[in-house]
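**Q** This is the structure, below, for whatever I ask next.
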Amino acid sequence: MGFGSDLKNSHEAVLKLQDWELRLLETVKKFMALRIKSDKEYASTLQNLCNQVDKESTVQMNYVSNVSKSWLLMIQQTEQLSRIMKTHAEDLNSGPLHRLTMMIKDKQQVKKSFIGVHQQIEAEMIKVTKTELEKLKSSYRQLIKEMNSAKEKYKEALAKGKETEKAKERYDKATMKLHVLHNQYVLALKGAQLHQNQYYDTTLPLLLDSLQKMQEEMIKALKGIFDEYSQITSLVTEEIVNVHKEIQMSVEQIDPSTEYNNFIDVHRTTAAKEQEIEFDTSLLEENENLQANEIMWNNLTAESLQVMLKTLAEELIQTQQMLVNKEEAVLELEKRIEESSKTCEKKSDIVLLLSQKQTLEELKQSVQQLRCTEAKFTAQKELLEQKVQENEGKEPPPVVNYEEDARSVTSMERKERLSKFESIRHSIAGIIRSPKSALGSSTFSDTIPISEKPLAEQDWYHGAIPRIEAQDLLKQQGDFLVRESHGKPGEYVLSVYSDGQRRHFIIQFVDNLYRFEGTGFSNIPQLIDHHYTTKQVITKKSGVVLLNPIPKDKKWVLNHEDVTLGELLGKGNFGEVYKGILKDKTAVAVKTCKEDLPQELKIKFLQEAKILKQYDHPNIVKLIGVCTQRQPIYIIMELVPGGDFLSFLRKKKDEIKLKQLVKFSLDAASGMSYLESKNCIHRDLAARNCLVGENNVLKISDFGMSRQEDGGVYSSSGLKQIPIKWTAPEALNYGRYSSESDVWSFGILLWETFSLGVCPYPGMTNQQATEQVERGYRISAPQHCPEDIFKIMMKCWDYKPENRPKFSELQKELTVIKKKVTQ
């Protein structure tokens, strides 16, 4: 099998093969050039990344950190990888690409040479086998005619007996020419036969075999180029593998359990001798009736001691109950973390558990605080019980001898003194009954003192709510709340209403203490509790005093730990949307807000939750709650299993019956009629913003652009993204949104529904669609759309807003149409 034996008559195919191979080589050359450029850019990008790394992050502290060492080695090895990639790109350029360029030139020359030789031998073969023979045959026929003519004339001459010799001579001469030409023709024919045989048996096969040999040599060369390319560009070469091995080894050297051993050794301090807390005996120097470390039981304190003992007993029971609850919560959370750990597919998935682990540690701290409180109450109770039991059944001794002596006072003085002692006694009893009266508590102490509860558990802490929403909650003098800053996550702000203004104070964190401008505290609850109970001004300049803590709306507030994120469902305007599971195993949809979004977008994100809090309707997606205690903010919605309506229409277009399409339309009208009754303007009604729930119930969703206006009209100065083809003319031209503009969008939604998910105004750009609508054009009815439905669409698209129907009217019309449809 070969070119010479099998491709003698396949010249066109051979030429096409060469052309195709040349195009292929040019493509390979272009690809290699782009690969070189890409690798150089990649190497440069890696180097720039390493150069831009904050040098402070690689500077060692005065202790040995494996994390820092590992990070430094990662940077160094990344730089090494950059150098390797740059070298590879240069080798690729000087090696395979250069040789490929030479090979293309050689292949072009081979093609040119083959075509030239083939044309030459083919022309020679045609000349010998056709052209020359045709000439001889033509001359042959002519000489036969001349000989026959001479023969006839010779016969005539014989018959007449005139010029016989002359006629004979001409006859002989013509016969000789014919015979000579005949011999030439026979020889030429023999030569042509041999030439043709040589052409097909030797000459042409030799040329084709020569071409095949060069083709195969070039394939061999190309194979070598490919092999060199493969070796140079391989990402599993020893040097690259070593880079990643070094990185992996440095990562494996990180041991969380020993990471801080050296730090502890360097900064270890000797345990300071604890200060002895003893009774200050100097207090007794001017009084002989009181004894150090002794409970005084007498006629002035007996009653109050009983009250104190009872209060302590109650507080101890409450503390112990709270301790049990917290310990159970610790066990439950530990179990949840353990279960979640088993489902982690990647090592980095442990990050998803960090917030829960932090909550666990906070719970353990709460447990320890409760145990401390329990021990304190127990010791105090035992001290009181001992004193009360010692004197059980005895008459309390008097503190003062009221008998008159030589310097007795008058009866009036005695009454006044008795009155004063009674006042003192009742005052002492009152103080003991309500030792935390300054904090507004009627018990001896809270189970956990308010200031010791975590920030997230404080009623006045609202999490990462927007500034404008915080201001709406502050209405009276002294109203206050604490929130996390939207612009700077991790920074906390005190918002207060004072002297007709809403003031915002950043809570400073300096030297591990929280403060405004006065005393610092170890946590924010202690700081706020101090200013609230003492009525100390926040700053001297502002004169602001905290009077009324504004509690958060606990109905909607959830903690981040209350929901476990699952699979990614998609991406919204503000961040990712996940499937989530609540503690009670309820499946939900979790909308997240990117932490790096501008302040105004975060406000828009929470706007949806603020609106949905007020609504409860089967055709409106339901709000479960919000997680604003820390970043990132979550909005928890009901999980609607069917997904968005637009995708549903396109996916199920061959299955959906007409009656179901009308039902979807009726659901949408019902939901929008409810919103209309609440003066809510959706502003972005479209199939993509509706969801399909169980039993194919359609729900209106995506209230990110919605507004609730008492007048039913909202004017916008401009939106960054406007759904042009869905928006009413008055909204596009003047920024005037209303329920009537939502009705226009509803007409487009109907068109999407009955076209089974086709984009409105097909074939038109946004600008073309807008211009056509202004000229009076309206989209034609979708195929198989009922006439009654299209009439509704046309009503919705009336240019004048006041002429469009109300959603309540649309709901009634669609109800009637639904009853008529049977299929």
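Yeah, the Cβs are placed from backbone N, Cα and C, and that goes for glycine too.
From a predicted model like this one, the values you see are computed outputs, not experimental measurements.
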**Q** Swiss-Prot has LEU569, GLY570, LYS571, GLY572, ASN573, PHE574, GLY575, GLU576, VAL577 down as binding ATP; which of LYS552, LYS554, LYS555, LYS591 does it also list for that site?
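**A** Only hit among LYS552, LYS554, LYS555, LYS591 in Swiss-Prot's ATP site, alongside LEU569, GLY570, LYS571, GLY572, ASN573, PHE574, GLY575, GLU576, VAL577: LYS591.
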**Q** Fewest other Cβ atoms within 10 Å: which of the recorded positions ASN573, GLY575, ASP684 wins that one? Let me know.
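**A** Each of the recorded positions ASN573, GLY575, ASP684 was scored; lowest Cβ tally within 10 Å is ASN573.
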**Q** Please count the residues of the domain 'SH2' (460-550) that DSSP assigns to helix (H, G, I), strand (E, B) and coil.
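**A** Split into helix, strand and coil, the domain 'SH2' (460-550) gives 18 helix, 29 strand, 44 coil.
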**Q** Taking Cα atoms as reference points, rank the binding-site residues LEU569, LYS571, ASN573, VAL577 by distance from ASP684 (active site, proton acceptor) and give the first.
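**A** Comparing Cα positions, the candidate nearest ASP684 (active site, proton acceptor) turns out to be ASN573.
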**Q** For the recorded ATP site, whose residues are LEU569, GLY570, LYS571, GLY572, ASN573, PHE574, GLY575, GLU576, VAL577, LYS591, find every other residue on that chain with a C-beta no more than 8 angstroms from the centre of their C-beta atoms, and list them by sequence position.
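**A** Those within range, site residues removed, are THR592.
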**Q** Can you tell me whether DSSP puts LYS571 (ATP binding site) in helix, strand or coil?
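**A** Reduced to three states, the DSSP call for LYS571 (ATP binding site) is strand.
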**Q** From the Cα of TYR615 (phosphotyrosine) across to the Cα of VAL577 (ATP binding site), what is the distance in angstrom?
**A** 22
